[in-house]
Amino acid sequence: MGSIEEVKKESAEETLGRLLRGEINDEELKKLIKYQLEKRLQWGYKSSHQEQLSFNLDFINSLKKMGMSGQVEAFTNEVYELPTECFEAAYGKSMKLSGCYFKHESSTIDEAEEASHELYCERAQIKDGQTVLDIGCGQGGLVLYVAQKYKNCHVTGLTNSKEQVNYILKQAEKLGLRNVDVILADVTQYESDKTYDRILVIGVVEHMKNMQLFIKKLSTWMAEDSLLFVDHSCHKTFNHFFEALDEDDWYSGYIFPPGCATFLSADSLLYFQDDVSVVDHWVVNGMHFARTVDAWRKKLDKNMEAVKEILLPGLGGNHEAVNGVITHIRTCCVGGYVQFSLNDGDEWMNAQLLFKKK
């Protein structure tokens with residue numbers, strides 16, 4: 001790694017204070033975030049390959065001693081339980097809450113959402129007539145896409161958000177879909193004897209800790225010839241928790257509450273094959289994620305006043321609280337762009353893996 005471009009020295013509290021008061025423009029914000037991310041890269045990259053392997057293996061072994069999931073409740077309440085109208089005003093048409101796939105330079109966010117869903121179906125080898133389970137289904141974009149494309153598939157979404165369950169079921173009814181179910185449950189606590197032909201896990205691994213326990217649980221829902229498709233954000237080389245590196249790291253703890261987010265390396269899930277075997281493995285360049293969050297930011301800025309009005313009732317009419325939520329969403333978008341566009345998208349990216357049951 002080269003030298004890090006220095007920024008104005010101030011405490012994490014001072015930086016956050018200026019951010020929340022609206023005193024940091026996007027240009028400065030990008031520089032401040034890049035500084036923290038470059039420190040992360042210097043921390044994560046080791047001087048020899050053996051040292052890198054040992055560093056990663058120590059991290060992987062530490063996960064096996066933890067509980068299944070991180071402390072995601074605060075993040076869920078802050079992000080996923082926002083009013084659906086807020087997502088409609090800031091995200092794409094299907095309100096996909098993870099990275100999209102931009103086939104062309106001219107692709108819109110709506111087109112990138114659909115291309116992403118198409119890619120998932122292709123790589124998961126979904127065929128008409130199968131039973132499909134989407135873990136952490138969000139607003140149901142993928143559930144509804146699969147249900148419409150494969151009329152004889154029965155598609156089940158699983159989410160711990162009541163708001164999301166209600167939205168998906170209403171959309172399925174509007175579309176006349178009778179092949180959609182949604183389960184309201186925490187995946188780490190949910191138990192069922194039912195099995196599925198395909199299991200999709202998009203943007204969930206990032207909120208897990210003990211991957212061994214998580215994949216073991218998923219394997220119990222896999223039919224004999226089932227396939228498990230996983231997509232997760234990652235760094236290409238090293239693993240890390242998205243937590244503050246030092247007392248000056250204002251960014252990591254602001255984006256995710258402590259214990260909430262895990263970024264594996266692109267190949268770390270290959271160390272968790274007790275109950276499954278890898279069939280295929282891909283990476284998606286980080287620029288796709290960067291373009292996704294940049295599109296979200298632009299749409300949010302365009303609809304800013306409407307979003308404020310949507311958020312205000314749920315926050316007790318507190319304008320300061322509304323501004324706080326919007327600042328957090330915008331900072332996530334700006335930060336995601338900086339992070340996933342570093343080195344032309346070849347640092348942080350998305351890994352996609354296909355597993356079969358052992």
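Placed from the backbone N, Cα and C atoms, the Cβ positions cover glycine too.
Annotated S-adenosyl-L-methionine-binding residues in Swiss-Prot are GLY136, ASN160, GLN164, ASP186, VAL187, ILE202, and among SER98, SER106, SER233 the one listed with them is SER98.
Residues SER98, GLY136, ASN160, GLN164, ASP186, VAL187, ILE202 are the ones the record ties to S-adenosyl-L-methionine, and the longest Cα gap between any two of them is 19 Å. Of the recorded residues, ASP186 (S-adenosyl-L-methionine binding site) and CYS333 (active site) place their C-alpha atoms 26 Å from one another.
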